[in-house]
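Database features (Swiss-Prot):
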type	residues	note
BINDING	ARG37, GLY38, ARG69, ASP88, ASP89, LEU90, VAL91, ASP92, SER93, GLY94, ASP95, THR96	5-phospho-alpha-D-ribose 1-diphosphate binding site
BINDING	ARG69, ASP92, SER93, GLY94, ASP95, THR96, TRP134, ILE135	GMP binding site
BINDING	ASP89	Mg(2+) binding site
BINDING	ASP92, ILE135	guanine binding site
BINDING	ASP92, ILE135	xanthine binding site
Amino acid sequence: MSKKFVITWDNMQHYCRELAQRQMPAEQWKGILGVSRGGLVPAAILARELGIRYVDTVCISSYDHDHQRDMTVLKAPEHDGEGFLIIDDLVDSGDTARKIREMYPKAKFVTVCAKPAGKDLVDEYVVDIPQDTWIEQPWDMVLSYVEPVNRKQK
């Protein structure tokens, strides 16, 4: 993928707060399921914003670094999803989303970002991302000191 879309920590907080606003009233939710690993940070933010204490994970492995591969379910709470909010950072090809829908047909499924191939599989999302764009998540980056321009030239 040649294009990149960078999400900062501030962006992530803002996007998740927007998602949380849409999930009111919070009392309708029994809990939150974060899709590991990308949905873990958004799940924590939604849990805070909505005051939800019951947070669990569904663990599906479908990426090996930046390449998609076969899907493996590593952990899955056993229920149909009724009363649960499922959160992931992104819906891309839709493969993971299809599996989530199959496993939890009664849950509400939201993502922070959505690409065209998968966006119809989620109930809500905040940011549209072109299909050919790689998303740089804040947890994949480090903050580092950058030398001022005037010092580099000496």
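Residue numbering: from 1, along the chain as shown.
Yeah, the Cβs are placed from backbone N, Cα and C, and that goes for glycine too.
Shown here: features listed in Swiss-Prot, placed on the structure.
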residue: ARG37; record: 5-phospho-alpha-D-ribose 1-diphosphate binding site; Cβ contacts under 8 Å, 6 or more apart: none
residue: ASP89; record: 5-phospho-alpha-D-ribose 1-diphosphate binding site; Cβ contacts under 8 Å, 6 or more apart: GLY38, GLY39, VAL41, PRO42, THR111, VAL112, CYS113, ILE135, GLN137
residue: VAL91; record: 5-phospho-alpha-D-ribose 1-diphosphate binding site; Cβ contacts under 8 Å, 6 or more apart: ALA97, THR111, CYS113, ALA114, LYS115, GLY118, LYS119, LEU121, VAL122, TYR125
residue: GLY94; record: GMP binding site; Cβ contacts under 8 Å, 6 or more apart: ALA117, GLY118, ASP120, LEU121
residue: THR96; record: GMP binding site; Cβ contacts under 8 Å, 6 or more apart: VAL35, ILE60, SER62, MET71, ASP88
Task = Do me a favour and check the Cα-Cα span between TRP134 (GMP binding site) and SER93 (5-phospho-alpha-D-ribose 1-diphosphate binding site); whole Å is fine.
result = 12
Note = Note: among binding-site residues ASP92, ASP95, least Cβ-dense neighbourhood at 10 Å is ASP95
Request  = Would you pick out, from the binding-site residues SER93, TRP134, ILE135, the residue whose Cβ has the largest number of other Cβ atoms within 10 Å?
outcome  = ILE135
Key: Three-class DSSP secondary structure - THR96 (GMP binding site)   = helix
